[in-house]
2 protein chains.
Amino acid sequence: MEEQNKKILLVEDDPNFGTVLKDYLMMNDYDVVHAKNGMEGFEKFKKDDYDLCILDVMMPYKDGFTLAKEIREKNTDVPIVFLTAKAMKEDVLKGYKVGADDYLNKPFDSEVLLMKIKAIMQRKATDTVADSKQFEFKIGRFDLNSKLRFLKFDGGEPTKLSPKENELLRLLALHENDLMPRELALTKIWRDDNYFTSRSMDVYIAKLRKYLKPDPNVEILNIHGEGFRLVINNQ
Amino acid sequence: MEEQNKKILLVEDDPNFGTVLKDYLMMNDYDVVHAKNGMEGFEKFKKDDYDLCILDVMMPYKDGFTLAKEIREKNTDVPIVFLTAKAMKEDVLKGYKVGADDYLNKPFDSEVLLMKIKAIMQRKATDTVADSKQFEFKIGRFDLNSKLRFLKFDGGEPTKLSPKENELLRLLALHENDLMPRELALTKIWRDDNYFTSRSMDVYIAKLRKYLKPDPNVEILNIHGEGFRLVINNQ
DNA sequence: TCTTTTGTTAACGTTAGGTTAAACATAATT
DNA sequence: AATTATGTTTAACCTAACGTTAACAAAAGA
């Protein structure tokens, strides 16, 4: 069995620092793709699958946060680490809000970075890997392609799904016929669990139910106080 | 609604700092158990299940690393965050080696700590794939699915159960054909044992008897002054 | 008999969820 | 830069679900 190197997307506008960091990571057996700005970073992200993104916060045109948000719309799971100029508390908090896994204050120790990367990769490894790789689902007479964010009925014209619609339906599908806890969706998709995000989720459930109406054998049931259940009656 | 707070084990020998931190976390809806040293920390860890451990590194007798190692031997999954005195690189690296998820340099910003905790909890939010064994019961001609909270008769249409109905029937099923003491249900389900909760429980027993009526071989008997007994006559 | 415990039904108050529409935010287009 | 399209959150209103309590009846034990 051939151990595949982990792939890292590094987005850093400082050419010197970026190159040094890239080389250092490659020396430590990571495959690194280096983008010089936010735009390029997003292009490269769309073209490939990465195990980790390291984003500089301060970049011209498109800063690290904006990029992170775009990345999160495409992929809720990939770990993101920010490089912040100094101990800017605001930046750190903002980073976590857009779904960062960690941050590092520049200048930082390269060994510490390596350890952080290792720790993050390990966490991911213990997470349900099988789940994150699954992007296509058969839901009754529907086909959900979660990567392209569309839903087909009877193989006809696909309906486009918004990022949130897509993620929610995907989570439900992953738990097909079983309980999908409210809390899970809220922490995974909304990254926060409060009254308003909860109501927001209910709104999305309503939207999904509309989409799924054409097939009477598919329904989203509520389990009061617990969550939802995507039931597929196959007859 | 019984949204369970996340439980944190905080091991910190400085009594002032420890108390302040504990209060701050509790203000933010975490259940916190505070241990004053490594030994006590390990004792408390063994006695309960925690969602997160926050360990001070510098402690007399047993330092945070040693404690972390012991914790890891018992549990490979629980997230651990270290509090290090300052940016001691050695400490940070050592921390990651014993399986830390993150670290914080003292003094640290409390909001940043909160965000880190949130981020860590969210990662862990990935499905607690509870074994279905514990949640499925055969009760005469009924099937109880305690996770999805429904009761099926002869494999037909499932009847939805409310949380309390479900818990109560599950407790009875766990004690099948045996005494299920009143007090047990009251403390486990109602978390209080007084006249009113007791009457409330009787109301639920009545509801359950109605649900179970279709199978004459299943009944809930009362043992005066003691509790109830779910009897299943298999002929 | 008389007291305590249990059985049962109905009424009530509270919270969670379903749904729609408006407000707000952001990205895309002109 | 201004406008339009798209996505998301917030607000509002309504219904359903749930749990508690009260009230009265029946049974058990003393």
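The chain as shown is numbered from 1 upward.
Cβ from N, Cα, C; glycine included.
Under the heading domain 'Response regulatory', TrEMBL lists B:7-121.
For B:Asp56 (4-aspartylphosphate), the Cβ neighbour count at a 10 Å cut-off comes to 24, with all displayed protein chains included. Marked as 4-aspartylphosphate by TrEMBL: B:Asp56.
What TrEMBL records for B:134-232 is domain 'OmpR/PhoB-type'.
Residues annotated as DNA-binding region in TrEMBL: B:134-232. In terms of DSSP helix, strand and coil, the DNA-binding region (B:134-232) has 41 helix, 30 strand, 28 coil.
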What are the DSSP helix/strand/coil residue counts across the domain 'Response regulatory' (B:7-121)? 55 helix, 25 strand, 35 coil
